[in-house]
Amino acid sequence: MSEPNVRASFADNRRPLSKTKGQLLNMPPVITTALYTAFPVIFLLDKVLAFLTWTNDDPYTNFIAIAIYIMVVKYWTVVACTVLPTIIALGTCASLWFLKTTIDDLRSETAPPTIEEIIDTLINMQARFSYIVEPFSYFGSLSGSDYFNLGFSLIAITPCYIWLMTRIFTVRSFLLVFGVAWLSFHSSWSVATRHLLWRSIVIRKILTFTTGLKFSLVDKNIELTVLNDFQISNVGTGKTVEFHILQNQRRWLGVGWSNTLLPFERGPFTTEDLEKSWDSLESFQFPEITQATCRWRWLDANWKTDDSFAPGEGWIYYNNSWEEPSNTDSLTRFTRTKRWKRRALVIVEDDGTT
């Protein structure tokens, strides 16, 4: 009796059909064609950025890449003669196969990409690219003198670099450390390590000496991050905080100036960045500080008009769109703003104090 046929079933690894109706026909033909044609390139760039930022689905790929890099650099003499040609051949074949299968799958007529997929991929790629260039945004805020100090410091300590590379470190060890640091720069544990090292005053002093840039060398006992909107000064054992609140009014026909504003614009009483609002000055509440136990107390009895904001009664007048500020009122001015100020004392207490 013949044995029955044995069949093995494998999971279907093809990209599933989109359950959402394609919206390519709802777009202009030129934009649709451009997005559909460029989608494979966008998808591949998104995969590369995901690998560099450690935001891919399989983080073990990054560890494998780091392990291969360490092996190649550490055993370069052996690898260059024996394993390197095989690694190059296998890597090239794997890359070409991945590119071909990815492009064929994305351009498949049975499951074409939808506008939602293309836009989501573009948004992910933009976010990951912004995450990569975020460490370099610090250099955009430097002045001309900062760039001069940086260049002068790097040139001045160049002999130290040369001495370290020739006497203590080797080129192989430098490539090993630099390559691993670059490949793991955006990993979560690398970011956490840099944040912990940045808390050290010694590290900041070393960076100040080697780069010529000015870094904050003072560690505060408490981070009053919720008070960034207000002016803070140290007084005794506490901190004096000067709160600045903007009063916004609109002129209505037959009513005059009123705190009643349009629903889509700013509130009647807001912070200077317009992020927080209150109905009146009496409804203002102290910010909550979660970093330590604090006790608030007003230093001023009442709110006062900030004379430095505007002369006269302290109002700055705008047009209907809160633009074109002026110190004088006219028939074309329909909105105005006044700044109030009041000082308070926040005392940082220990956990054991009452």
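From the backbone N, Cα and C atoms, a Cβ is placed for every residue, glycine too.
As recorded in Swiss-Prot:
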CARBOHYD  Asn319  N-linked glycosylation site
TRANSMEM  24-44  transmembrane segment
TRANSMEM  63-83  transmembrane segment
TRANSMEM  84-104  transmembrane segment
TRANSMEM  151-171  transmembrane segment
TRANSMEM  173-193  transmembrane segment
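Tertiary neighbourhood of the transmembrane segment (151-171): same-chain residues 209-212, selected by CB-CB distance under 8 Å and a gap of 6+ residues from either end. Of all the Cβ atoms in the protein chains shown, 14 others lie within 10 Å of the Cβ of Asn319 (N-linked glycosylation site). Long-range contacts of the transmembrane segment (63-83) within the same chain: residues 51, 172, 175-176, 179-180, 183-184, each at least 6 residues beyond the stretch ends and with a Cβ under 8 Å from a Cβ of the stretch.
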